[in-house]
Each structure stands twice: as structure tokens, then as C-alpha cells.
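The following features are taken from Swiss-Prot:
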type	residues	note
REGION	1-80	region 'Domain I, interacts with DnaA modulators'
REGION	80-100	region 'Domain II'
REGION	101-317	region 'Domain III, AAA+ region'
BINDING	GLY145, GLY147, LYS148, THR149	ATP binding site
REGION	318-436	region 'Domain IV, binds dsDNA'
Amino acid sequence: MSHEAVWQHVLEHIRRSITEVEFHTWFERIRPLGIRDGVLELAVPTSFALDWIRRHYAGLIQEALGLLGAQAPRFELRVVPGVVVQEDIFQAAPAEAPRPKLNPKYTFENFVVGPNNSMAHAAAVAVAESPGRAYNPLFIYGGVGLGKTHLMHAVGHSVAKRFPHLRIEYVSTETFTNELINAIREDRMTEFRERYRSVDLLLVDDVQFIAGKERTQEEFFHTFNALYEAHKQIILSSDRPPKDILTLEARLRSRFEWGLITDIQPPDLETRIAILKMNAEQRGLRIPEDALEYIARQVTSNIRELEGALMRAIAFASLNGVELTRAVAAKALSDIFAPRELEADPLEIIRKVADHFGLKPEELTGSGRKKEVVLPRQLAMYLVRELTRASLPEIGQLFGGRDHTTVLYAIQKVQELAESDREVQGLLRTLREACT
């Protein structure tokens, strides 16, 4: 991780811990110079600023570095007169703007497509190519951090590039509600309606928060109608489908269901690894496959947390001057994932089982059907299923590309044996202890 990226993460932590006035006064003009021998070097504009920051914020900076994995968090301040802010440092934590903008990082080019999101991606691409005609509205739902906002912004970028004359508006439901309240209070409803009803593409994030807000629903209902009747594109995101949004007016629910409803599921292992690879490549880093797989196995449901875990591991390695290996990744994430929660390595399970029976791992994963291999292979499949988050198809791939039904049969067979055979019970107990 570059020193700029390390400082960016430090700033994000600091910003959450102090007031905006403090942040703008003391931190906006600090520039990271580099990392030398594990020490983050920072440039400040004056000796007064250096002294003030050292006396009042040193502990906070060290705390932020510690959260990134620095074993002995250290930084050094240096006066560099006329130091200027590098804007990219603050992109991840911008000051509040009067209008939200599309995130330049969220494009189709860096959206990793997998079985969990392929339909949503295809629909988003279709809408970007022909707004107002393909699917209107497009309703994307799924859990937090799975890529809904990424897809919405990607559509916005694509439409802006293809049709530069079109007006695009991205807004969260919370912002829409707050702006509506202010417009009512300040008697600016005509201006408010003009803004949202004159766009060609309206992107509304977290629309589930509109539920229960009568005036907001009323206004959004008329905004929706105006845009839809004018053949303008509407894209909505939510953490649940329309039918599950309680206290949502029936007339809005029915309109949300007029177009295409598509979901995004948590990514599978291969997709998670691909996401991590892309993130690493974008930073010009080459990270060993087993380190990426380790991280991918620890974070299974949330892409935002997955990327955060990667950044933590990269920062940990950078701050401690070591290469990012599987072992380093495990150490970097050890205080996030308690030891009992850390997932066993499937390949290590296979090796342990093979060793116990005096076999080679390739014999368990190969196609051989010798009697002395069958039970150990079934036990290994059972333990991989029990001790990891691997799905049946993923386990099948580990064992020579076997079908998931074969894996299921092996697991059920071991369960049956364990219920009636004390020797198998003891064997499982021994192997389980060896693998965890």
C-alpha cells in the first residue's frame, strides 16, 4: 500500500473522531511524504501546526495506524512551508457537498461479474445502452455492501459518456427526504420539483427508507409518474424487494414492480478472489494467490468488508516492512476474526486427513476408487464442509471436479457412520482437532 493510501485510511478514522472544524483546521493541509523503516512521514505547513498536532492529535494518529495493523505505530512530522493538499487523498472522506456526485471508482470496467450478480449487471448494461426503454424502472435489491450502489453509479457514468446531453441525478432517499423538508420550510417546492422531474436518469439509493414517510412518498409518487410518463429512466436500489418493504404505499409498490426486479446475492469464493485480485491490480500490487484466498474465505457476505480486509492486510504488510503472504494476512486480520471464527484451510484439511491415513493428498483429490481411499476421501469432504464455508460445488472442485451430488452423498454417508460407529466418531474427533 502506498503512503498516500495509508494516510487516506488514517484520515478516515480521524474524521470520525473529531469535529469538522478541527479536521479542516489541522488535517486538510497535511501531506504524506512516505514510509521509511515503518515510520509514516508527514509534512505540515508551519512549526505551530507541527507542535499543536503533536500535542493534541499524536495519540489519535497512532491509534489509526494501529488499526491498520502497525505493530509499533509511529509517525514523524516535518515542516514544509507552502505544503498543499493533494485532492485524491480526501476523496474517500469528502466534505459535504450540496449535491452528491457519481463516484469515479464505480464503473462497469471494475465491476466483477459472478453468478451472484450477473442478471443485475446485464440489466444495468442494457439500461445504460438504452435508457428509458430497456427496463423501467430497474429495481436492484440485496444486502449491504454487495454492489448495488456500484452498479447504479456505473450506469450513470456510462449514460453520461454515451449521451452527454442527458441530465443525470443520483440521490439517496435520506437526502431526497431532507431536501424535501428544506424545500417545504423555505417555500422552494417549485424549484425542488423542477430539479427532480426534469432529469433523464434518476438514480435513487436505499429506497426502502421512504417507507413510513407520508409526505416523502407523496412527492416521490408524483416525481416517479412525471418521469415514467416522459419515458425517463428510473433506477432504484433497496435492501429488500418491494413486496417486503413494510408501510410502503400500495401505489408506490406497484410502480416499483412495473419494470424489472433483480437481486444481488453474496459472492461465491471465486468471485471474492476475483474482486480481491482486481483491487490489488488497481493498486499495482502482486499478492500471492493463497493470501487472497485466505482473505476471501474469511469475509463471505459483504464486498465492502472484503475490500476493507484486503486494505488492512496491505497496510499491515507495508507498515511492518514485510511481504504480504498468507501468514501475514492471517496476522493482520487476527484481531478482526477471533481465533475460533477463523476458517480452516480446505487444502490443509485434505493434507491432514491424507497424512493420518498414510496417503498422499493427490490420492484423495484424484479419481482413484481404491477401497483404502474411499472413506478417507469422504471424511475429508465432510470436514471441509463442516470446518469451512465452502459450498458443495466448491468442495467438488477441490476433489477433482466431482459433482456436488457426489459430495452430498459423501457427507451423508459419514453422518450415517458417525451415528452408529464409535470408531468413526473417534476418528472424526481426532481429525477435527488436527485440522483446527
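Using N, Cα and C of the backbone, Cβ positions are placed for all residues, glycine too.
A quick note: this is a predicted structure, and the numbers were derived from the prediction, not measured.
Secondary structure by DSSP for the region 'Domain IV, binds dsDNA' (318-436): 83 helix, 0 strand, 36 coil.
The average per-residue pLDDT of the prediction over the region 'Domain II' (80-100) is 43, rounded to a whole number. The ATP site is defined by GLY145, GLY147, LYS148, THR149, and by the 8 Å test on Cβ atoms against their centroid, the other residues of the chain that qualify are GLY142, VAL144, LEU146, HIS150, LEU151, SER237, ILE264, ILE303, ARG304. Around the Cβ of GLY147 (ATP binding site), a 10 Å sphere holds 25 further Cβ atoms from the protein chains shown.
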